[in-house]
Structure formats: C-alpha cells, structure tokens
Amino acid sequence: MAGARGLLHLWLSCLCVSLAQGQRLRQPFPELRVAVPADRAAGGGPESPLQPLDQVSEHMLRLYDRYSGGRTEEARTPGNSERGSPSLRPQPLREGNTVRSFRAGAAGMLENKELHIFNLTSLTKSENILSATLYFYIRELINISLSCPVSQECSHHAQRKHIQIDLSAWILKSSGNQSQLLGHLSVDGGKPHRDFVSWLSKDITQLLRKAKENEEFLIGFNITTKGHQLPKKMTPSPEPYILVYANDAAISEPESVVSSLQGHRNFPTGAVPKLDSQSRSAPSIERRRRKRSTGVLLPLQNNELPGAEYQYKEDEVWEERKPYKTLQTQPPDKSKNKKKQRKGPQQKSQTLQFDEQTLKKARRKQWIEPRNCARRYLKVDFADIGWSEWIISPKSFDAYYCSGACQFPMPKSLKPSNHATIQSIVRAVGVVPGIPEPCCVPEKMSSLSILFFDENKNVVLKVYPNMTVESCACR
C-alpha cells in the first residue's frame, strides 16, 4: 500500500513539472498570446474574422490593443477592478504611424533550397520603412535536438552547442524566373533546452529598404541550421511572417483615410454590403425623400443647427409663424352664443387654443436650447458606409462634429480667434454687406487606430490623425 502511494505521489509530481514547463514555453514571447480587441471583450461588436490560432493576427491584435488604449492587459491582470485602476490611455505608436504584417505565401524551391516567399507589393511609395523584423518558428528543430539519441550521430557535445540559424534573402523577379541574392544573416538561437523560446526574430530593415529602393517586392527567405549533425533543412510550422514599421507621409493629406481604406478592389463584391439596395427597390420613395429633405439640410452647409434661424428673429416673426391663436376676451353676444349652441361637434375649431402663459413658456424653452457653437455627438459605424468587410477593429467610433452659431458678441467659451472676433464685429455693424458670421469648426482633434485588411489580405495597423473632435471653436 505504501509503495502504491509513493508511485502515485511520484506521478503527480512529474505531471506538475510538465505542466509548469509547458506554461513557461508560452511565457517568453508575450506578444504572441491570444489578444482580444476591446470591442469584442466588452461584447460590443461581432467577432473578428481573424483566425484564432494565427500568430500574425494575434501579434497585430496585440499591437492594436496597446496603441488604441484597449483593456486587454488590464483584464488579464487579477485584482485591477478591485483596485479601481483607471482605463488605459492610447500609447503613441513606437515608430511612425503604420504597422504592416506580411505572412509567407506558398513555399518555393530555388537551387534545392526551400524559400518562404513574401509579397510586399502593399508597401506604398509614401511609406518610409523605419524598421522591419522577420519572425520564424524553430520549435520543431528543438524537439529534434532534444530527442536525438547518442547512437544516431548526435553526440552529447553536439546537443549542448548553440543553435545557429542561417537566413538567406533572395529577390525573385517575375520575368524570366530570375533570382538575385539580397543578403545573408545569422541568428544565435542559444542552447536547446525544454523551455527554449519557440519563436526567434531577426532585424531585416536594411534588406527591405534595399529591395524597396530597387522596387523589388517579391522576397524569399531560406532558413537553415548549422553547428551540429542535425538535418540542414528546417521547415518551420507555423509559417514565418514579417512586421514592418513605417511612417506614411501621405496619411495627413486630404481624403487619405478614404484612399487607403476604400481602395480594396480585390475584395469579392458579394461580401461587400450594398448600400443602394433600398433605393433600387423603391426609387419613387427615394425621390420624395430627397425633395422633402432638401430644405432641412441647407442650414447644415453653414454649420448651423436645423431651426437655428429662429433664434435671432424678433418676436414678430414668432407671431407670424406660430400655429396657435391666443384667447382674447370679448363682450358676450347672446346671438352668437345661440348660433354656437346650434353647431354640432363636427364644426368645432380645429386649431388648438393656448393661453399666453403657456406660449411664453414654450417660447422661452426654445430660446434656452443650446444654439451656440459646440461639439455634438456623432457615432460612425463602418458597416453603414460599407467598410466593415475589411475593417477588423474598431467596428464603430465616436467622431463628434461641430455645429452652432458664432454670433456677436461671442463668449470666451467659444474660443474665437482674433480674426473671427473682428469678422463678427464687422458683420454686426453692417459696414460691409454680405459678410458671413464666423464658422464653428473643430479646434482640437485626436487620432484613431484602425486595424484592417489590405488588398492582399494582410493585416495592417494605421493611426489616422484628426479622426475625433475633442473641442470646437469659432474661426
């Protein structure tokens, strides 16, 4: 009986050790753990179309969550909610404003060498490469090294040597099946052991800069090992990938967000939602809507709220426009009263009658409503504009907008510029006819991180400036 208990304790201890080692295997590369976007973690949006076991997607989701101020790290740390820690603020991107990921395509052979081919045609001329890193998986090599018996030409000394990884980069030309050596690199993988890091990385910034300067965007990498008697060829699984940090000089140009997010010609048309399905089914209704809404939308062209023109009119205008008639006391007329008694209920006046006090309250309530320049709420849903098919996260964001009047005299809260102040005075004096009042425009704006697929189905993270209105002013 005692022997059985001893064997049971020994088995349980071995099981705990193996579980602890397996947990350590996932610790050295924290950026490659599964990352859940903030909108999915909160249940505010649909699940991401990314594959759950795809290391490239996990890495990009992690970066997005970090630079968009998500709460993934906070949610994983126990006790944060109890301590009442504030929500994470978006961090500035480490380098530039763009992170592009490139996954290896179908492997090819070049002079009996296996190449992992990358298509880098998504890089634009305006994107200046700041840094580039190649990530590759070597777990299979470690397993072979640790399981190699001494009898199969794997000496004890060879097993303890450092693993040396050789990387050779090739430029693949589409014409004539030509190839050109781009460069050689080596990586010291360290000594193989049970909790060895499964992923290694190597800086390839200079290689990609050289290829981009020569406008060569089809690159192949051959990954081999040396320094011991193990097989030279290594086939990493999962496939390697590249992360490129770049600074897009054209991201602040007009309509840059439209040109980069809407230019997805290769996406299947059936997957993109059709925005004009309702207008095709009911064209007459659409025409009636356009005619009816034309007058309503006109004030918005001048940064005015609908109905704002009533604020600055005199009381006579209200008297002309009001639909109600005030009650006026008149001397009693017996003949009229007799006639009114003869009328049936169908001949009663259809105009509602209110006293003067009720009308004054309604008039005062309308004047109290905020009509000055201010920030108004606006939520943009990418599904409404047909972009949800390739935008991974966020599915929607709070954009806000500025609207309202900048009439003289403007209070300090509207933060008018000197030019806006002078313009409002000139308009109020009326010396120069036709001078409009200053406009209500955004004063401060913040950026927005967007994670999306490019035309080659690679995951891209871009930080677009001036996407959310923080405050408004008169200019």
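Quick reminder: no glycine exception, Cβ is built from N, Cα and C everywhere.
Quantities reported herein were computed from a predicted structural model and do not represent experimental measurements.
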Discussion item. Can you look up which of C148, C154, C402 is joined to C472 by a disulfide in Swiss-Prot?
Written reply: C402
Worksheet, complete the sentence: The residue that Swiss-Prot pairs with C440 in a disulfide, chosen from C154, C373, is C373
Worksheet item: C406 pairs with which of C439, C474 in a disulfide, per Swiss-Prot?
Response: C474
Worksheet entry | Least buried by Cβ count (within 10 Å) of the disulfide-bonded residues C402, C406, C440 | C402
Response to the item:
Listed recorded positions N119, N222, C440; those within 10 A of C474 (disulfide bond), CA to CA, turn out to be C440
Fill in: Cα separation, N222 (N-linked glycosylation site) to C440 (disulfide bond) (Å, whole number)
58
Worksheet, complete the sentence: So N466 (N-linked glycosylation site), by the Cβ count within 10 Å over all chains shown, scores 13
Worksheet entry | For C402 (disulfide bond), the one of N119, N222, C373, N466 that lies nearest, given that the recorded positions are compared by Cα | C373
Worksheet item: Rounded to a whole number, how many Å is the Cα of C472 (disulfide bond) away from the Cα of C373 (disulfide bond)?
Response: 7
Worksheet item: Could you give the Cα-Cα distance between C406 (disulfide bond) and C373 (disulfide bond), in whole Å?
Response: 6
Item to complete: Give the distance between the Cα atoms of N466 (N-linked glycosylation site) and C373 (disulfide bond), rounded to the nearest whole Å.
Response: 19
